[in-house]
Amino acid sequence: MAGAGERKGKKDDNGIGTAIDFVLSNARLVLGVGGAAMLGIATLAVKRMYDRAISAPTSPTRLSHSGKRSWEEPNWMGSPQLLNRDMKTGLSRSLQTLPTDSSAFDTDTFCPPRPKPVARKGQVDLKKSRLRMSLQEKLLPYYRNRAAIPAGEQARAKQAAVDICAELRSFLRAKLPDMPLRDVYLSGSLYDDLQVVTADHIQLIVPLVLEQNLWSCIPGEDTIMNVPGFFLVRRENPEYFPRGSSYWDRCVVGGYLSPKTVADTFEKVVAGSINWPAIGSLLDYVIRPAPPPEALTLEVQYERDKHLFIDFLPSVTLGDTVLVAKPHRLAQYDNLWRLSLRPAETARLRALDQADSGCRSLCLKILKAICKSTPALGHLTASQLTNVILHLAQEEADWSPDMLADRFLQALRGLISYLEAGVLPSALNPKVNLFAELTPEEIDELGYTLYCSLSEPEVLLQT
């Protein structure tokens, strides 16, 4: 009665709030925990829609401080934006109000007839089995028709990359013999047969040779910036080996080897010193440096409608640490080198699949294709998806092809959980949060898109 009295003064309230509260408070007795949770979600949605309908349009509680729609306005309002933390909190709070312990109810005063648990469980299991089989039947055709790259296209793109790599290697040896470099080599998902949809990008690693006694790497978490997964490369022993003792002293900024300055050095070589049109005519390609901001990227047209982008990526190795000049998303960290984990991640994934003929790589490629084809999921990277699969591989042992649908759904749920926490630890280096460079708004949008797909995951395969 107290609840009803409090709601009495609400504008135009006809008692629906009291009815909803009564339904929610007794749902546990009739439906059980799972049914009560689902009823809670549905009832909360109806209740909010009703409240929104009877509230004044200018009500300040309907908009966030920024004026944007928030989690209080779900997807039926036509907003593609992700649910924010306010609605997550509201939804969690609403579900938490549902009783979950049978001891909380007085069974002497209210003993409704219990449904047959065995029959109900059997119906639920049958429905889940049918949904899983339906999804399983759709995942493999999606991979064949949408994700997999035709073998011919993949071979031609690889050959174009090999030709460009050979030309650059010859140029560097002939024109820049004093530059201490190891041989350049190809890397990336195309090279590792993990690229999807179209063969359109590959990395060309340019390894710098650094004197081990003149340089050291400092983990980002040990600096004032506190950025795990990144390193500073410090110039050592300047009192014994003055500036100029190392070729790469010319790229030192503030006592540290600057990846940006190194990249600028190679940009002059890639864009200014090499006659790419002449090389392209010799190889029967159209080659040109990509426009800014892709300063260290070549665009190669190897067929009339086929383009390959080759990223030049300077790299340094100090001890067991391999770093690449791939900048942090925030400009304030442009003096940091990124820890290279991709080769080790790919090797672990391949080794796991080879050991049991599993479908981990297949599941990863389907997820990558979905993200590449869905603009709302475009901020998810191959590294993040790979680590979701690696974490799941530690929890689940059976990765036979028949389990593809189950593992796919588990990967989606796991990804949503990581997004909700805002943390995706690297499977190889747990100190590294792979979501650290995403903004809260991007995390919300990604989480909402995936959250909405859980009820009907086939929608993701239709993009």
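Every residue, even glycine, has its Cβ placed from backbone N, Cα and C.
Here is what Swiss-Prot records for this protein:
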{"type": "TOPO_DOM", "residues": "1-23", "note": "topological domain 'Mitochondrial intermembrane'"}
{"type": "TOPO_DOM", "residues": "47-463", "note": "topological domain 'Cytoplasmic'"}
{"type": "MOD_RES", "residues": "S55", "note": "phosphoserine"}
{"type": "MOD_RES", "residues": "S59", "note": "phosphoserine"}
{"type": "MOD_RES", "residues": "S79", "note": "phosphoserine"}
{"type": "MOD_RES", "residues": "S94", "note": "phosphoserine"}
{"type": "REGION", "residues": "160-169", "note": "region 'Important for interaction with DNM1L'"}
{"type": "BINDING", "residues": "S187, S189, H201, S340, R342, K368", "note": "ADP binding site"}
{"type": "REGION", "residues": "234-243", "note": "region 'Important for interaction with DNM1L'"}
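Projection of Swiss-Prot feature records onto the structure.
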residue : record           : CB count, 10 Å
S187    : ADP binding site : 19
S189    : ADP binding site : 20
H201    : ADP binding site : 17
S340    : ADP binding site : 19
R342    : ADP binding site : 19
K368    : ADP binding site : 21
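Cβ atoms under 8 Å from those of the region 'Important for interaction with DNM1L' (160-169) belong to residues 183-186, 190-191, 202, 204, 274, 279, 283, 285, 287, 298, 300, 302, 308, 310 of the same chain, restricted to positions at least 6 beyond its ends.
DSSP assigns S340 (ADP binding site) to coil in the three-state reduction, outside any helix or strand. As a whole-number mean, the pLDDT of the region 'Important for interaction with DNM1L' (160-169) in this prediction is 94.
DSSP assigns S187 (ADP binding site) to a strand segment in the three-state reduction. Each residue of the region 'Important for interaction with DNM1L' (234-243) gets a DSSP state, and the totals for helix, strand and coil are 0 helix, 2 strand, 8 coil.
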